[in-house]
């Protein structure tokens, strides 16, 4: 059994939340049933998917909530799903579960923004605690989603050369250094920088760094 139960059902305080939805994606039906039963036991709504494709087909209609995601699935890994959501500009807290103690994979998932990473077997109370943490973060992430989409659209409006110049700007290169790297004139670099700032709707390099930092997951 992948869930460790404890006497008195520790951590099962009922959550009176009618708006949030906990999405669960796992190719093992037994896992889906066990996790959905656990989540429903604290009064939360659940939506289950037996494949990554089925879940991604629902993207665009995601309610405020969180995603419990299996790492290893046949057609698409959990990390691939996480990456795809970032590309789509969808912001939802993710909790990963895995049948294998893969530390590098866990580190990669957390760095990409996951809330937590559990290796089976794990304690019910730990998962429920992670869900509570995720639900506290969910409203802000949901609110930020349209902004991420707009920023991504602005970035994609940059020409290939402007994206190259942007890369050097973010690395702290001076105009002269960027010109040498790209074999163009310093005046041309200045024109590209001006266009980048205009398209990204920022007025300073500091703001440019800030908005591209917000976009880093979507641009991987």
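Positions of Cβ are set from backbone N, Cα and C atoms, glycine also.
When Swiss-Prot is compared with the stretches 155-174, 175-194, the one noted as DNA-binding region is 175-194. Non-local contacts of residue 70 (4-aspartylphosphate) by the CB criterion (under 8 A, 6+ apart in sequence, same chain) comprise 25, 26, 27, 28, 31, 78, 96, 97, 98. With a threshold of 8 Å between CB atoms, the same-chain residues lying at least 6 positions outside the DNA-binding region (175-194) that come near it are 161-162, 164-165, 168-169. Secondary structure of the domain 'HTH luxR-type' (151-216), assigned with DSSP and counted as helix (H, G, I), strand (E, B) and coil, comes to 50 helix, 0 strand, 16 coil.
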